[in-house]
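Heads up, the thing below is written out as structure tokens.
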Amino acid sequence: MPFRRSSLNHRHRDGHVLVWNQRNLHESLEQQPQRCFATRYFVTFMLFLGMANAYVMRTNMSVAIVAMVNHTAIKSGEAEEYDDECGDRDIPIDDSQDGEFAWSSALQGYILSSFFYGYVITQIPFGILAKKYGSLRFLGYGMLINSVFAFLVPVAARGGGVWGLCAVRFIQGLGEGPIVPCTHAMLAKWIPPNERSRMGAAVYAGAQFGTIISMPLSGLLAEYGFDGGWPSIFYVFGIVGTVWSIAFLIFVHEDPSSHPTIDEREKKYINDSLWGTDVVKSPPIPFKAIIKSLPFYAILFAHMGHNYGYETLMTELPTYMKQVLRFSLKSNGLLSSLPYLAMWLFSMFISVVADWMISSKRFSHTATRKLINSIGQYGPGVALIAASYTGCDRALTLAILTIGVGLNGGIYSGFKINHLDLTPRFAGFLMSITNCSANLAGLLAPIAAGHLISDPSKPMMGQWQIVFFIAAFVYIICGTFYNIFGSGERQYWDNPEDDEQKPALQTTVTTSPARLSNGSTAPAAISSS
């Protein structure tokens, strides 16, 4: 279905086409208000902290469980022998670091994955509820539930055993479920379209920031903290999350119109630039067309493959570093965060490269997405295979894994934003589907790893090699599927035929027209013919 240019004089917005990132576009006839720290920037900062807190709660168990498990008591009193294929190490393992619980690797896998069961089942429901009732309270109270139940983790582990702990982590996952869909909805209400790209990137960078903070600090608390070390991880982060939740509910408001102290010029600027999101009805979702769309399945499988590989690294890397590479708890937490620091930095760099590739007109949207995504999925796949052959060289293994996870940052300029290329109108719905499915795949990772390491008293390198090989295989296969069937072009089902009689909102274009994903050019607002 070809695109055509439409008149710049229309202001009616029945078409309801959302444009996330148009360069040199002014949504309002007035100039953007000049303030050092506008209210929308404060909202963005609070959402960044919320995302960071969410990932702290999500990842701290992977470090804590290393300190919780009494490795010398596993297998009915048989002493655990660390992987002896490498011989003596220059940093000996301190057996006094053994914890309170004799949990097998399989049980540890269930504990690590229980959080994700709760997280997965609430993705789509909260996406629907947030659209109908607003996002603020779901996000704030969800994080509050997550934080309060963090205080109960030590109590559940000591009093309720494995399944009591799994229940608490499951409830924490339920509380974290609203984070992504509600954050997305808040950004849609507060951030003008021409700012969403950088503001959205700033908010979601909180995920990597939270992981970077969680890993080393959890390691330090496990070794030097109060109440036996590992419980302090959940007490400290529980306090931080509770404080953030209360502050968020008090100081942040649902939208600019409901904010009592926002500058009137900023409120007008935001409301004028948000193209009628609250006054028009979205067209029906074209379920049949989406189900038949190969580019949609390309994103779906790429997302699922990424989550499986990423969760394998996130949940199992601290255990591998202690049991095989023999890092101490303090070193474990610090060094485990290095790959995510690399991912954070590389994702920032590669996003600039991706923007240049598209703006230079040397690469199409499709070519850019596939090339950058290949780096993001083939890179960690190859690194996992290489790391499985590095043997006892701890420095080389850590370096390879750091590079591999760092390259994984390419996915943020690959399939992660490809929803917007295919369908600006239904991108949120597509994200809820792929994110839910991807997290289902991700929760299988720690369970699979726990069963593959069949002898928990001797986690041999060969067993870990299988874990790495499977994750690498999933990365590469799903990345290849994306390269074959993926697309950066806007899909025909994003523009129903009745849009022909419904002119879209137009805005003042001050410079060159935007370039569409199919290679044609048009003003920022477009309609189909």
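Just so it is clear, glycine is given a Cβ too, placed from its N, Cα and C backbone atoms.
As written in Swiss-Prot, here are the features:
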- 504-529: compositional bias 'Polar residues' (COMPBIAS)
- 495-529: region 'Disordered' (REGION)
- 37-57: transmembrane segment (TRANSMEM)
- 110-130: transmembrane segment (TRANSMEM)
- 148-168: transmembrane segment (TRANSMEM)
- 202-222: transmembrane segment (TRANSMEM)
- 232-252: transmembrane segment (TRANSMEM)
- 338-358: transmembrane segment (TRANSMEM)
- 429-449: transmembrane segment (TRANSMEM)
- 466-486: transmembrane segment (TRANSMEM)
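Long-range Cβ contacts of the transmembrane segment (466-486) within its own chain (Cβ-Cβ under 8 Å, at least 6 residues beyond either end) map to 294-295, 297-299, 301-302, 304-306, 308-309, 312-313, 316, 366, 369-370, 373-374, 376-378, 380-382, 384-385, 387-388, 414-415, 418, 445, 448-449, 452-453.
Highlighted: of the candidate stretches 37-57, 110-130, 202-222, 338-358, 429-449, 37-57 has the greatest count of Cβ pairs under 8 Å to the transmembrane segment (232-252). Of the recorded ranges 37-57, 110-130, 148-168, 202-222, 338-358, the transmembrane segment (429-449) has the largest number of C-beta contacts under 8 angstroms with 110-130. Taking every recorded stretch in 37-57, 110-130, 148-168 and counting its Cβ pairs under 8 Å to the transmembrane segment (202-222), the highest total belongs to 37-57. Highest Cβ pair count under 8 Å relative to the transmembrane segment (148-168), across stretches 37-57, 110-130, 338-358: 110-130.
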